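Asks: One structure coming up, written as structure tokens, with questions to follow.
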């Protein structure tokens, strides 16, 4: 990762070498610190995450692993915590053995002697500087290839810097000051427990929301699939009901319909003609009856007229016979008047008879008697 891991030991200072040849020895290698639980998990899954995300940077991969670590349950994290605690106990025992080892004790003695020599040399140099004496003398170089510019202010500052860092590293080393992260107070534990509870509540809430979202999604998906199936079924049904247009069949149906319409029209015309004939046939018998009645009445009228004519003929013969015997002009005139009166009476009777016949004939108002019959 980009930052230096917190579990790595502080860098050991480089051995300081003064112009007088005093060298501070390097300490022996201490035992390695145990890996923190997160770093154990990171080392375990690093290659897997790197293989699945080859294009990501190191800090992005570390961010992904951090999220995976936070998502682990307490039971899964406990495995790494147990390993860390076991190795930490071994590390403390190794550190005790390391501090009591002959190499470390020799390093402490050599270090103290070198520091004492350096302090003595620095005091002497300081005193010479206060007295104004030069702190070094120029002598001819025995080896021209061995170039030495002397003990400058830069070298002094470097020595002081390294010394200060050594002191700070010794003061703040684990052998003196315990790691703050390894010491958990009761108040801190209570705070952590409350944080864990709040995080668990928040996690359960998020899980419930995720379940609701998933249920809604599944419901929408189900409705969408159902609507799709119904649409496809309806489409198939409509495609099955598709009617192919056959122009020849349509033309045949049109011709058949026209033929049926023509036949119905002929039937209607025929029915109308038959009805007219029936109406005329019903009128003709009535006219015949009326004509027969008129003829009968005429015959009845003709009979009295014939009797009258015979009577008139008899009277005329009698008159002629009388005239032949004893006829007078006055008798002739009276006889002629009697004939005329008889004719007038006959004509009046015939007129009354014709009027009665016309009254009986005029019963059907729709069919008047023809003029020829009236004339007869």
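Yeah, the Cβs are placed from backbone N, Cα and C, and that goes for glycine too.
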Asks: Between 118-140, 141-163, 164-186, which stretch does Swiss-Prot give the note region 'Disordered'?
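Replies: Swiss-Prot lists region 'Disordered' for residues 118-140.
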Asks: Pick from 1-36, 37-72: which range has region 'Disordered' per Swiss-Prot?
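Replies: Here Swiss-Prot associates region 'Disordered' with the stretch 1-36.
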Asks: Output the one of 57, 111, 131 that, of all these recorded sites, has the highest number of other Cβ atoms within 10 Å of its Cβ.
Replies: 111
Asks: Please identify, among the recorded sites 57, 96, 111, 131, the one with the smallest Cα-Cα distance to residue 242 (SUMO2 cross-link).
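Replies: The answer is 57.
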Asks: Looking only at C-alpha atoms, tell me how far residue 111 (SUMO2 cross-link) is from residue 131 (SUMO2 cross-link), rounded to the nearest Å.
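Replies: Per the Cα atoms, residue 111 (SUMO2 cross-link) and residue 131 (SUMO2 cross-link) stand 30 Å apart.
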Asks: Measure from the CA atom of residue 57 (SUMO2 cross-link) to the CA atom of residue 96 (SUMO2 cross-link) and give the result in Å, rounded to a whole number.
Replies: 40
Asks: Over the coiled coil (187-283), what is the model's mean pLDDT?
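Replies: 91, rounded to a whole number.
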Asks: Enter the number of other CB atoms within 10 angstroms of the CB of residue 96 (SUMO2 cross-link).
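Replies: Residue 96 (SUMO2 cross-link): 11 neighbouring Cβ atoms within 10 Å.
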